[in-house]
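The structure under discussion appears below in the form of C-alpha cells.
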Amino acid sequence: MIPIAVVVCVMGGWCTVYLADTLLRSSSSVKNRYESWLSSNGFTLSPFHIKWHTGIFNRLFARCAHLNPHFLYIWFSAGMVFGVLAMFGSVVLLSKTLLQTLSQMMAETPEGSHEQVLQVVVPGVNLPVSQLAYFFIAILVSGVIHEFGHGVAALREQVRLNGFGVFMFVVYPGAFVDLFTTHLNLISPVQQLRIFCAGVWHNFMLCVVALSFLFLLPVFLFPFYYTGAGALVTEVVEGSPSSGPRGLFLGDLVTQLEDCTVWGVQDWHNCVQQLSHNPQTGYCIHTAKLQLSWSAGRAFKRLDGTMECCGNNSLTDFCFSYSNNVESKLFACLPVRKTIEASRPCRTNTDCQTDFIPSLCLIPSLENQTRLIRVKHPPQTDMLFVGYPSHLQYSVSLTSFVPRLGFLHPDLPVMLETFCKYLVSLSGALAVVNAVPCFALDGQWMLTAFLDATLSSVIPERNNRELIGLFFLLGGSALLAANVALGLWMVTAR
C-alpha cells in the first residue's frame, strides 16, 4: 500500500494550492489582477494540475532548427526509422510484459519480477522515498528533451511553433510543445512522421548519452576520485548487524569478504551472492589450539538439523566442526575471534597442508542459510558478521569511488550514478510508452502518418485508412491499459 504520509503530503499540498486559488478568484479586490497575472505569465490551474505555457524559448528552438540543415535532415530521418521500429517493437514488448505479469499473478510467489523490462513505478511503494528527487528530475529532463525533439523537427519542416510549456499532474511533471495545427496538416505524411518520431528518438539518444556518461564516469572523475581499491562505505543502517563498535563505519574501505576480493561495489554484491550460495567457509587452525578445555560438552542437534556444542549461548564462542584421521566429525566450542584471527580460509583439510605446523580446516556450525563472514576493512580490525548474507548486503551503502582529497564528498559519484540510472530507465520507458499506437500518445499520430505514407497508393480512401488505424489504436490502447492496471495491482496489492 502507498504510505499514508505520502498521500497526506500530496493531498495537503494540492488542497492548499486549490484553496489559495479559489480565495484569490473570489476576492473582488485582487481577482482581476490575479487572473491577469496568470494569463500574462501563461499559468493555468485546475484540480491536481498546473501548467505553464511560454514563448520565450521559441527563438532558441528556431536557432537549433537552422544550425546544420543537412545534419538535421539525416538526424530526424534516422529518428523516423527508429520511431517506426519502436512503434512495432513496443507492442511486442508490452505483450511480453503482459504475459509475464499474468504468469506472476497466477504464481504463489512473485518470482521473476526483476526480469521484466517495464514495471509500473509508484512513489513510496516500489520507489524509495529517499530517491523521489532523482525520479522526478529524471522524468522532467526526459520530458523536456522529448518535446525539444518535436519542436526542432517541426520548425525544420516549416511548422510554426506557438510555444513550449511544462506541467505537473498530481506528482508527475512533464513538458509539451504547442504546434500550429494548420501547418502540421499541410505537410506530407513523411514530414509529419519525422516530427512525431522525434520525441521517442531524442529519448533514446538521451538513454545512450546517459549510459555512456555512466560507463565513463570513472574517467570524468579521475582527477578527484579513484577506483579499483575497494568499496567505500557511505552509510550503515543504525542498529543493523553491520553497525556497532566492531562493525563498519562511514569512510571504511572494504577490500575483502572472506577469500573474495572486493575491488568495487559490483564485486561486493558478487561476493555476497557467492558466499550465500556456497557452503560456509572454513578456517585453517593449528591442531595445538584444539585443546580439550575449549570443548563445551557433547554436541546436540538444533531444530533445523544443524549441530551446536556451545551450551552457554555465548556471544564470543562458536561451535566449529572438523575431522581428523581418526574420527570423521568432531565439534569444538572456541572463541571465534581468537580462533580465526589471521587464519587462512579453507574448504577441506587439504587446503591447510601448506604449513609446516599441522593444521585442520574448522567450519563454523551455524543454522541453515546463516553465515559467518569475515569482512576486511584495513587498517581496522576485521568485522565478523553472523547472519543472513542479504542482511549484510542491504544494511550497508557503498561506492566504488574513493576521494583523492579530504574535502570531496563520497556521495557525489553515487548521486551522479543514481541520476544516470534513473535517466536511462525513465527516458527509455518514455520512448517505449510514447511509441505505442495508443490514443493521446505520440504513437497515435505516428501510426496515422505511417499508414498515410505507406498505404496511400494501395488504399486511396482516407476513411478506410483511418478505420484500419482505429483497430490498431484500440488494440494498442487496450494492451497499454492492461499492463498499467495489472502492474498497479501487482505493486500495490501483493
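Every residue gets a Cβ built from N, Cα and C, even glycine.
Predicted automatically and left uncurated, TrEMBL annotations should be read as such.
Here is what TrEMBL says about this protein:
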- 134-474: domain 'Peptidase M50' (DOMAIN)
- 73-95: transmembrane segment (TRANSMEM)
- 132-149: transmembrane segment (TRANSMEM)
- 161-180: transmembrane segment (TRANSMEM)
- 200-222: transmembrane segment (TRANSMEM)
- 422-447: transmembrane segment (TRANSMEM)
- 467-491: transmembrane segment (TRANSMEM)
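Looking at 73-95, 132-149, 161-180, 200-222, 467-491, the range that has the most CB pairs within less than 8 A of the transmembrane segment (422-447) turns out to be 200-222.
Sequence-distant residue pairs (6 or more apart) of the transmembrane segment (132-149) and the transmembrane segment (467-491) include fewer than 3 whose Cβ atoms are under 8 Å, leaving the two stretches without contact.
Long-range contacts of the transmembrane segment (73-95) within the same chain: residues 117-118, 149, 153, 156, 190, 193-198, 200-202, 204, 431-433, 435-437, 443, 446-447, 450, 476, 479-480, 483, each at least 6 residues beyond the stretch ends and with a Cβ under 8 Å from a Cβ of the stretch.
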